[in-house]
Every structure is written in structure tokens, then in C-alpha cells.
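Below is one structure; the comments refer to it alone.
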């Protein structure tokens, strides 16, 4: 709204008559629209302030907002600022709102002080099927997981989510701890081993295999995914313990080539994989994806009549 519009409104209100009724209504509508726009602007500013953990800016914005969105509490927890979270709570925001997601973020960030504060304010440590513990496991926060377990959280909730994602994200110490606490390492078709292989976590792959996980689960997906990701040591290990490197029409070498993993391609070829499988899939996709070193290697093999 322009400054001239404010003067127009003041003039109309000071000299109001029936003939000015429509003009006044239009001006009031403009004010209403402006307030909406300002509210949107201040809410955007609040998110920026929270992300930057800027308490003075948070206070300024809150002082200029008629109503503060309760999601601000969750964002304060997400961005790991207890001081701001306390301030927002003092302003009347509910720490237990939005399915206790503030507590889950505090646990994921390994922030014990915030977790304890939220507990003291009434947050349910076991809300959403032990989401706090599950998120802590996702981030590899071993001590937080141990603490939450002492508070009654179940490490096996949601189909052993904790150990599956601890393995997937490479948190070896946590994987061992959760296994010692009764988590099922083989749940969901050996998800833990398969995703550890996919993400390159050799130590976890070895551990899980030693504890009875099936390296062939889900159609030998462990070696297929490790090849696709270029994790040579995992490919070598899995091949050494019996995985079929020629599974699904030489899937491992085809996808290693497609993704540009020359060392894996060289190893798999040396172990008997058919680099020309599926109508020269490896060469075709290495070319399409711009992996010149792989293309040169395959062309050389062809020139030497090695396949």
C-alpha cells in the first residue's frame, strides 16, 4: 500500500459521509490485504531467523506477528537452538504439538539438554512409535539411543527401523549395540546388509554376514548394488564369500560400466563376467553417460578379441 493511500483513508475517516462509504470499504479491504501480506512476510522472516539461530531477529518477528505458527518450535529444535525454543515456549507455543516432532529433532541432533527440557515440558518420549529413538539411530547417536532406551523406548519398533537405518547410514558401533539389544539384523529381507553394501559400508557388511545375514537376499542385490555404486572392496568381499557376479545377465558389470566404475569393471571382467552381455549394454551405456575411460577399456578388450 502506498503512503498516499494511508492519507486517503485518514481523510475519508475524518470527513466521513455516506457518499464515501464505498471508498472507505475499498481502503479497509486494502488494509486487510496488506496485513495478510505482512503476516506472510514475517512468517518467512521467522523461518530465516530460526535457520540462522538468530534470537534477536526471532524476538523482533514474534513481536510483530499476531499469531506465531507452532511449527516454529519444531524448527527451533531442527536447527538445534534451545535458547530460541525456550523463548518460543514462553511466548505460548506448545512443545508437544505437531506429533512431538521437536523432541524427535532434538534426539536426532544428539541434544540431551533439549530432549530433557522437552520431556520436562510434557513431551512424550515414545510418541509416534518411538520416533525419537528411530531418528537418533538414523543419525548414529549411540548415547542418545541408550538414553532413550532407559526411558522406555523400544529399539525394535517399526520393524527394526533403528538397526536397518543405522546400517544403511554406516553407524557401525550403533549396529553392534542394537544387535546386542535384540534387534533383528535380518528383518525385511536382510535390509541392513543390502543397504550397507549399497552405501559402501564394508565393515558393517562383514559384521552382518558374520552374524548370519544372507548375502544372496533379494536376488543377490548386495553385490549388484555394490557394483553399481563402485565399491570395489565390497564387491571383492561378497564375491569371495559366494555372491554370484554373473547374476541377472551380468548385472554387476553392466551397471558398474554404466556408472563409470572402471576398477569394478576390470575386476569383474577378470573374474569371468561377460562385458558384452545384453547386446553390449556396458559399452552402450558407458558411452551414453560419458565414461570415456570405461569405453576405452571395453574397446581395447574388443580389439584384442578378449570378448
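Cβ from N, Cα, C; glycine included.
Packing against the repeat 'ANK 1' (41-67) from elsewhere in the chain are residues 75-76, 79-81, 83-84, 87-88, 91: each is 6 or more residues past its ends and has a CB under 8 Å from a CB in it. Taken from Swiss-Prot, the feature repeat 'ANK 1' covers 41-67.
Cβ atoms under 8 Å from those of the repeat 'ANK 2' (68-97) belong to residues 43, 46-47, 50-51, 53, 55, 58-59, 62, 103, 105-106, 109, 111, 113-114, 117-118, 121-124 of the same chain, restricted to positions at least 6 beyond its ends. Swiss-Prot lists 68-97 with the feature repeat 'ANK 2'.
As annotated by Swiss-Prot, repeat 'ANK 3' applies to 98-127. The helix, strand and coil residue counts that DSSP assigns across the repeat 'ANK 3' (98-127) are 21 helix, 0 strand, 9 coil.
With a cut-off of 8 Å between Cβ atoms, the residues of this chain six or more beyond the repeat 'ANK 4' (129-157) that come close are 99-101, 103-110, 112, 115, 119, 163, 165-166, 169-171, 173-174, 177-178, 181-184. What Swiss-Prot lists as repeat 'ANK 4' is 129-157.
For 158-187, the entry in Swiss-Prot reads repeat 'ANK 5'. The average per-residue pLDDT of the prediction over the repeat 'ANK 5' (158-187) is 99, rounded to a whole number.
Taken from Swiss-Prot, the feature repeat 'ANK 6' applies to 188-217.
Swiss-Prot lists 219-247 with the feature repeat 'ANK 7'. Note on the repeat 'ANK 7' (219-247): residues 190, 193-194, 197-200, 202, 205-206, 209, 253, 255-256, 258-261, 263-264, 267-268, 271-274 of its chain, located 6 or more positions outside it, place their CB under 8 angstroms from a CB of the stretch.
Remote same-chain residues near the repeat 'ANK 8' (248-277) are listed as 219-220, 223-224, 227-232, 235-236, 239, 283, 285-286, 289-291, 293-294, 297-298, 301, 307 (criterion: CB distance under 8 Å, separation of at least six residues from the stretch ends). Under the heading repeat 'ANK 8', Swiss-Prot lists 248-277.
In the repeat 'ANK 9' (279-307), the DSSP tally of helix, strand and coil residues is 22 helix, 0 strand, 7 coil. Under the heading repeat 'ANK 9', Swiss-Prot lists 279-307.
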Outside the repeat 'ANK 3' (98-127), at least 6 residues beyond either end, the same-chain residues with a Cβ under 8 Å of its Cβ set are 70-71, 73-74, 76-78, 80, 82, 85-86, 89, 133, 135-136, 138-139, 141, 143-144, 147-148, 151-154
Can you name the far-off residues of the same chain, 6+ from the ends of the repeat 'ANK 6' (188-217), with a Cβ under 8 Å from a Cβ of it? 159-160, 163-164, 166-170, 172, 175-176, 179, 223, 225-226, 228-229, 231, 233-234, 237-238, 241-244
When DSSP states are grouped into helix, strand and coil, how many residues of the repeat 'ANK 7' (219-247) land in each? 21 helix, 0 strand, 8 coil
